[in-house]
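J.: Once you've had a glance at the structure underneath, I'll fire off some questions.
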Amino acid sequence: WEFNGSFHQPSAFLMVGIPGLEALHPWISIPFCALYLTALVGNSMILFIIRKTQSLHEPMYYFLCMLALTDLGLALCTLPTTLGLFWFNLRTIGFDACLTQMYFIHILSFFESSVLLAMAFDRFIAISCPLRHPSILTRTTVTKIGLAIVLRGTVSLLPIPFLLKRLTYCGKTELSHSFCFHPDIMNLACADIKVNVFYGMVILLSTVGMDFVFIVLSYVLILKTVVSLATREECLKALNTCVSHICAVLVFFIPMIGLSMTHRFGRNVPPLVNTLVAYTYLIIPPALNPVIYSIKSSHIREALLRALRRKSG
């Protein structure tokens with residue numbers, strides 16, 4: 001502990017794997033390794049294919065590149081501490097290192113939410129105004145959207161580590177997961193955390209919450225446009241272009257909402273449930289998104305097969 005008058009700050013926190021299954025951590029690490037490997041290889045492959053395939057240099061695939069980069073970042077943020085705990089029982093993480101990991105986990109989550117909103121906007125323009133789509137979403141516009149996403153997430157979450165550093169911590173230093181999460185650290189303080197709770201809730205609702213609302217609104221408008229199409233085949237073809245994005249939205253937002261609710265209101269929720277929701281939120285989307293887009297996007301699939309043939313040839 002570091003002591004300065006009445007101010008106490010832990011030098012490190014203790015991380016937890018899966019409660020009650022500590023003896024099985026080496027075996028549990030196998031599916032985690034598979035998920036991390038899928039996330040790293042899958043998203044890297046998406047980036048490589050889009051970069052090398054000229055026909056994929058379109059707004060939809062530029063946004064997919066942003067999603068893949070964000071998923072790579074999320075996987076790399078949690079991989080060292082999670083596998084370090086499962087393989088070597090490395091439970092301690094320094095206070096400043098924990099705040100740094102927490103900051104990047106949260107801003108990358110905000111990036112992902114914003115990218116999913118941008119992809120919903122892209123699908124809406126592509127379906128409702130197909131002829132104007134290239135002129136509306138130019139490469140410059142896509143770049144500006146990407147910069148706005150980075151700026152919004154970085155600036156809005158910048159006060160969070162400083163708000164946590166000002167708190168006094170005492171007694172318990174055990175986190176609920178094998179990574180650092182803002183509500184988890186905040187609840188270990190023995191000081192008044194009303195400012196942290198208020199700021200965290202305001203930022204969450206004004207960013208991720210608003211993103212989700214606008215994504216839903218985009219799909220309401222997409223459905224309205226699709227219903228007005230002349231034939232059933234055109235309607236199904238238009239909706240089929242949105243399936244991958246809808247899956248990515250559900251895979252990301254359902255666990256995120258669940259984790260936020262269990263941390264803020266689920267004091268009686270079993271620790272195992274809380275842990276599984278957290279791992280689902282941070283590990284499943286980066287692993288599943290490249291699989292979803294590789295299966296559903298014929299352009300990605302064909303480019304991947306061509307790349308494999310060239311390599312084998």
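Note: Cβ is positioned from N, Cα and C throughout, glycine not excepted.
What TrEMBL says about a protein is an automatic prediction, not a curated fact.
Heads up, here are the entries from TrEMBL:
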- 42-293: domain 'G-protein coupled receptors family 1 profile' (DOMAIN)
- 27-49: transmembrane segment (TRANSMEM)
- 61-88: transmembrane segment (TRANSMEM)
- 100-121: transmembrane segment (TRANSMEM)
- 142-164: transmembrane segment (TRANSMEM)
- 197-223: transmembrane segment (TRANSMEM)
- 235-256: transmembrane segment (TRANSMEM)
- 276-295: transmembrane segment (TRANSMEM)
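Provide an account of the burial state, proximal residues and distances for the features listed.
T.: Sequence-distant contacts of the transmembrane segment (27-49) (same chain, at least 6 residues past either end, Cβ-Cβ under 8 Å): 17-18, 21, 56, 64-65, 68-69, 71-72, 74-76, 79, 82-83, 86-87, 279, 283-284, 286-287, 289-291, 293-294, 300, 303-304, 307.
Long-range contacts of the transmembrane segment (197-223) within the same chain, counting only residues at least 6 positions beyond its ends with a Cβ under 8 Å from a Cβ of the stretch, are 109-110, 113-114, 116-117, 120-121, 123-124, 127-128, 152-153, 156-157, 159-160, 163, 182-183, 186, 238, 242, 246, 249, 253, 256, 260, 264.
Sequence-distant neighbours of the transmembrane segment (235-256) (same chain, 6+ residues past either end, Cβ-Cβ under 8 Å): 67, 109, 112-113, 116, 119-120, 123, 126-127, 208, 212, 215, 219, 222, 225-227, 229, 277, 280-281, 284-285, 288-289, 292-293, 296-297.
Through the fold, the transmembrane segment (276-295) approaches residues 18, 32, 35-36, 38-39, 42-43, 45-46, 64, 67-68, 71-72, 74-75, 78, 82, 105, 112, 176-177, 179, 181, 244, 247-248, 251-252, 255-256, 258-259, 262, 301, 304 of its own chain, all at least 6 residues removed from its boundaries and within a Cβ separation under 8 Å.
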